[in-house]
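*Asks:* Sending over a structure as structure tokens; questions will come in a sec.
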Amino acid sequence: MELMVLLNALVTRLLFVLHSLIGVWRVTAVKKEPKYWLLALLNLLLCLETGLTLKFKQGRGYKWFSPAIFLYLICIVPSLWLLEIHHGTQYCGNEPGAVQVNVSNQDFNQSRESSHGSEGTDHHIIQTAKVFVNQLSTICETVWTLALHQTFLLLLVVGRWLLPIGVEITRDQLSQLLLMFVGTAADILEFASETLDIEDVRKNYVLINAILAVWTWSMLQFPLDLAVQHIGCKPNASSRRIPSLLLCRYSAELWNIGVSLFIQDGPFFIVRSILMGHFRIFNQMLVFFTAKNILVVTLQLYRLAVITFDFRATVLQKSRKGEVCCCPCEPYEARAHATGHQENEMKEFVAVPPKEESQAPSEDH
């Protein structure tokens, strides 16, 4: 089992490094300047994290935070920024369909004919690989950028799945987290591709940077596991204030609401509102997704109000009854255990008679 943990930890980080190197290669090819290969040095942070994790955690994850995912973001996000900024100044002369025809017909046949001589099968494989790589370089850069965005988000979900989990998170919680990440990744990809593909947006350099900044901000939710883990509550250290108790008991739900309001749907709604209100940019998809963001934000605020009022009513009801046996922010299992323990103590107290009563008959006798 430990071997599989180490293998998963190494393979996942290797996929992160390879994908980030592909992004650096595309930036170097587009900019035509070898100095951009220096971006590959960011992968040294991921290599350092791999060594420390293998040494101190035996390859397993940390509580509430994934350093591998965070460092992968640091490695790949700068390349995607440069590609998106360059996107507005390039000209695409190739069509993806034409590239596929060239790969499957003309160049492949030439490489096969050249290998029929005395060079053998190995040379044929090498020539075919060279032809394939050369044709990949001729694909339109917009296709490359979109493909990197798509594979980036898919690799975040798959990588989080493959990374060994720590002792603090269960597989049930991990499955819930992955399902959340799939929906989140789809929304983020739609936001980046739908807004940055607008022609009027491409003409405004400041607007491009603002959209990329919001996109980067939304990616920061992926390294965190707070969406499925509760902080927990210590009865001796818990405060009697309702906000503290509420945060203690509903930490996962409040984190999801906070992500939607301040990291994803809220900022997305602000950007789209600025595009429509200030820049007068309107299209069917932009209006639809703006309405969707409004609906999600409204539902999240409604959910927050429901949780707050229900929890306040529960605390007030317990305080009126004088129930101070346990902290209302403890998990259900802890409360059940505390209740059972108190019931056992009560049974023992009832079963044992008081000393005065037990000694009274002896005195009369």
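Any Cβ shown, glycine's included, is placed from N, Cα and C.
So TrEMBL says this about it:
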{"type": "TRANSMEM", "residues": "36-52", "note": "transmembrane segment"}
{"type": "TRANSMEM", "residues": "64-83", "note": "transmembrane segment"}
{"type": "TRANSMEM", "residues": "205-233", "note": "transmembrane segment"}
{"type": "TRANSMEM", "residues": "281-302", "note": "transmembrane segment"}
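Please situate the listed features within the shown structure.
*Replies:* Residues of the same chain lying 6 or more positions beyond the ends of the transmembrane segment (36-52) and with a Cβ under 8 Å from any Cβ of it are 9-10, 13, 16-17, 20-21, 24, 27-28, 67-68, 71-72, 74-75, 78-79, 82.
Within the chain carrying the transmembrane segment (64-83), a Cβ under 8 angstroms from the stretch's Cβ atoms is held by residues 12-13, 16-17, 19-20, 23-24, 26-27, 30-31, 36, 39, 42-43, 45-46, 49-50, 53, 141, 144-145, 148-149, 152, 155-156, 159-160, 163, 168, 212, 216, 219-220, 222-226, 229, all 6 or more beyond its ends.
Through the fold, the transmembrane segment (205-233) approaches residues 63-67, 69-70, 73, 77, 81, 84-85, 88, 156, 160, 168-169, 173-174, 176-177, 180-181, 184, 188, 191-192, 195-196, 245, 247-249, 251-252, 255-256, 259, 263-264, 267-268, 270-271, 275, 279, 327, 329-331 of its own chain, all at least 6 residues removed from its boundaries and within a Cβ separation under 8 Å.
Outside the transmembrane segment (281-302) by six or more residues, the chain places 190-191, 194-195, 198, 200-201, 257, 260-261, 265-266, 268-269, 272-273, 275 with a CB less than 8 A from a CB of the stretch.
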